[in-house]
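A short write-up of the structure that comes next.
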Amino acid sequence: MAGGAHRADRATGEERKEGGGRWRAPHSPSPPGPRGCPVPLKAAAQSLCRKPTWGRYCTLLLFQRKLEIYSVELHAATDIKKKEGRDGKKDNDLELKRNQQKEELKKELDLDDHKLSNKELETKYGTDIIRGLSSTRAAELLAQNGPNALTPPKQTPEIIKFLKQMVGGFSILLWVGAVLCWIAFGIQYVSNPSASLDRVYLGTVLAVVVILTGIFAYYQEAKSTNIMASFCKMIPQQAVVIRDSEKKVIPAEQLVVGDIVEIKGGDQIPADIRLLSAQGCKVDNSSLTGESEPQSRSSGFTHENPLETKNITFYSTTCLEGTATGMVINTGDRTIIGRIASLASGVGNEKTPIAIEIEHFVHIVAGVAVSVGILFFIIAVCMKYHVLDAIIFLIAIIVANVPEGLLATVTVALSLTAKRVAKKNCLVKNLEAVETLGSTSIICSDKTGTLTQNRMTVAHLWFDNQIFVADTSEDNLNQGFDQSSGTWTSLSKIIALCNRAEFKPGEESVPIMKRVVVGDASETALLKFSEVILGDVMEIRKRNHKVVEIPFNSTNKFQLSIHQTEDPNDKRFLLVMKGAPERILEKCSTIMINGKEQPLDKSMAQAFHTAYMELGGLGERVLGFCHFYLPADEFPETYSFDSESMNFPTSNLCFVGLLSMIDPPRSTVPDAVTKCRSAGIKVIMVTGDHPITAKAIAKSVGIISANSETVEDIAKRCNIAVEQVNKRDAKAAVVTGMELKDMSPEQLDELLANYPEIVFARTSPQQKLIIVEGCQRQDAVVAVTGDGVNDSPALKKADIGVAMGITGSDAAKNAADMILLDDNFSSIVTGVEEGRLIFDNLKKTIAYTLTKNIAELCPFLIYIILGLPLPIGTITLLFIDLGTDIIPSIALAYEKAESDIMNRKPRHKKKDRLVNQQLAVYSYLHIGLMQALGAFLVYFTVYAQQGFRPTSLFHLRIAWDSDHLNDLEDNYGQEWTSYQRQYLEWTGYTAFFVGIMVQQIADLIIRKTRKNSIFKQGLFRNKVIWVGIASQIIVALLLSYGLGSITALNFTMLKAQYWFVAVPHAILIWVYDEMRKLFIRLYPGSWWDKNMYY
């Protein structure tokens, strides 16, 4: 019944030109003509198989509400992996060939089974409707076409994933360094078996570092990406089939084309089925189409479009009620759900913005490291250094430039943020998705279940010639309309009695709006509405016993029942009816006003039509209600009612009122949309629902602002034709899937660029992908929200897919990068804020990490060029990168936002880089050089205290490193043996290490903010920073005093006074950075701001 009311309302809505507010592309081509040459589905599939270099990218044009679309489209749109030609001409030829192959694969699949008679179906599929297939024939078809199952995609072996972590990022450089160390030791060992093991230690440490960070990264980022698995879970396990004239229960995957199957309420549809008979059958296509309204099914051909006709049911959808018998016409990958599954798995995992930024950063740092290393390798060779020594210098320079612990730190920071947002009901499957959400500039949101509550709710009532507003909040408890009228008493009774829905037993203690109901969406809404206002509806029905009923059907478009009344003094039967408003009104001759019947004259009929059009224009589903007390003399208590012959009156009834329902928006969504708008994020609605409904919901949640108008709105207000309106005057657009199909990519780009507020209605999965790709062509970072199977391809294609955790299908959850555990769109706003914060904090982490690179690099450059004793060893550097700096780097992930980041525009993924020029210059050439000077100050102090003045150290390297010189004099005439010099050198290592560590404490504190003063931000708001500082000091103390005796580590016990030599430099760094921030705040937009703000 409700489905019929919806269809009646939809029909009237489509006739109203102004209702949809649709956007029309300039110079849109005329509707498509006759179909191209149809090819069988099997042939199309085989054409794909003949091109093994093509990954399948099957797209499905679903549920277009226009007569011109008669078929399902199959497209191929993935890369061809062939060897590239060596010259540009070959590349161009290859690209041309790719495009030609794509065009060849754009074939339409002719589906005409819904038009065929039963006899023609039997002939086409070689079966018998009564006896079914023979077991022998079924076995042949199963062997020929394969099982009724979705083909899982090829999986990357876990070992390959692990090995990629072992050689990705900086790892390959460190592996090369480790191997060179071992080779250098091997060459040296051949000529000198007593050679030092330092190079072995260094190579081993580098290898261990790579392995540990690789294992950590593999563990942190491992996730399931098998989209097909979720689809397979949706497959029914068993199916009732007729074979050899016998009814059998077989595994659903053994079904073949031509099988005769039976389905009943509660079953999942086991394949694409052409119905042969149906009794009260309704199906739920919401997981496929996004529409929550049950769809009635029958055996009759009702629409040219096979996706619109009522005599086809689709694989994996659910039969809600009734029974049906049908013939299998498609199985497995050839079903509609199979094509969507292929589409979802065919869409490649796009690199996230933060992954691109990290890759960009790795390329920069690796390029600098290798370039500088090779340059100084050449310099060392030219300066007569031994080649093996020059190789070690090369390795040392690379190690000094590469922040070995940074990628692990980034992963930990992302993990911590993911845990933080999980507490706010956002489950992150892909760690990088946290930052991606923060950089989002467009959110393409599904309507049903995402912006709305995914449940039909009574929104308005019309009785006594007035429209009343009902409470559509989650609890429905604040019904403020007038309930004292006698008309309401009659209307409420009809609503309660003319309803087949029932609460599931045992739900009495559950809040009414959360109870499970057996019945379709509209009936459920009416039942809960009645229960809230009237109390126990089941008890009311018991007191008003039902004697006969006519369920809704598409022919009558009404539901009728006759009841005994609870009044013992009134022996009359009560006839109650509801259905499509215009059909109900036709059956009435009177109307109830203020509890009394009066003639239904032209003025009241006009009032009815005005109210009906107003409610329909809001995108709401409207039902009409009427009743009639049967005369006791004509219909005594013993009267035998017959629903078949309808031996009771169905005309001259009394019209009581209208009631409209809508899937209402979530209460928190309008505020979330407002926050998105203030954050510079465009929210686009993409739904499969009717444009009038979509527009109404968009206006109610703020996607279309109150003062924004579509072209149609302007035309209506100015009373002119739509073609006369300047499209630039409209701020909003409502575009149907049919209009979108006729748009070129350029027209779609124009639409997305020119309209800040857009709603796409009646879209297919293919079109959702087209919309996402169009947004990405605008250089936007696109987030897509959704909960249905139909959303999964777009969820996977988007920069970040956000699925609903409660109502979301398994397919949507597996395709998504993030899951909203509370299904609350407003949780996305929390995710955006956390994403922006983590990007800011990653900037601070990288700036903090890069700063010390100059201080680590300079010792080797000075050593090579000026011949000083080596200020710091390579292994010692690793203890800075992986020892003292790891926890402080992670601590920056806990830093609070320093300003209102939600009033900032989204970052441009190509311009606003994680590592920009300002960050590199300030970290390397400002703070980095200060750190290097401070560390050298500690180094020279240690040597001076031991008798070597700074000037005497220059060009001392050759004598210093000689193993045979045991009487080297210092500036005070003291003689130093080779071992004593080695121990002093290790003390210098330790001093240089401590000098960097002390200044890194200051560097850590200044990185708390990029613009605000430290004092405004608060020194102690982030307590984890102080844990990081404590860890730096503890690790340094442990290395110096606890592990100083271990020769391989090259540390010694450092005197206490040396720990404080670099403190003045640390203070200078703090003061310098505070001055930088002060000038940025004082002179926004100035040269200083542009060059010193990173």
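Just so it is clear, glycine is given a Cβ too, placed from its N, Cα and C backbone atoms.
Membrane sidedness, as given by the topological domains in Swiss-Prot, is identical for ALA143 and THR1009. In this view, the densest Cβ surroundings among the binding-site residues ASP787, ASP791 belong to ASP791, judged by other Cβ atoms lying within 10 Å. The stretch from 158-178, 391-408, 1023-1041 that makes the most Cβ contacts under 8 Å with the transmembrane segment (202-222) is 158-178.
Of all the Cβ atoms in the protein chains shown, 13 others lie within 10 Å of the Cβ of SER1013 (phosphoserine). Within its own chain, the topological domain 'Cytoplasmic' (894-913) has Cβ neighbours under 8 Å at 353, 356-357, 360, 416, 439-441, 675, 678-681, 779, 781, 829, 832-833, 836-837, 839-841, 844, 1008-1012, 1017, 1021-1022, 1024-1025, counting only residues six or more beyond its boundaries. Residues belonging to the topological domain 'Cytoplasmic' (1078-1094) score a mean pLDDT of 91 in the model. Cα of ASP791 (Mg(2+) binding site) to Cα of SER1013 (phosphoserine): a span of 45 Å. Within the chain, the topological domain 'Cytoplasmic' (1078-1094) has long-range Cβ neighbours (under 8 A, six or more residues past its boundaries) at 843, 847, 916, 918-919, 921-923, 1010-1013.
Among the recorded stretches 843-862, 914-936, 989-1008, 1023-1041, the one sharing the largest number of Cβ pairs closer than 8 Å with the transmembrane segment (391-408) is 843-862.
On a Cα basis, ASP787 (Mg(2+) binding site) lies 44 Å away from SER1013 (phosphoserine). Residues 361, 365, 372, 376, 393, 396-397, 400-401, 403, 405-406, 409-410, 413, 868, 870-872, 877, 880, 885, 888-889, 892-893, 895, 914-915, 919-920, 922-925, 927-929, 931-932, 934-936, 939, 992, 995-996, 999-1000, 1003-1004, 1007-1008, 1010, 1094 of the same chain sit 6 or more residues outside the transmembrane segment (843-862) yet have a Cβ under 8 Å from a Cβ within it. Taken through DSSP, the topological domain 'Cytoplasmic' (1009-1022) splits into 4 helix, 0 strand, 10 coil.
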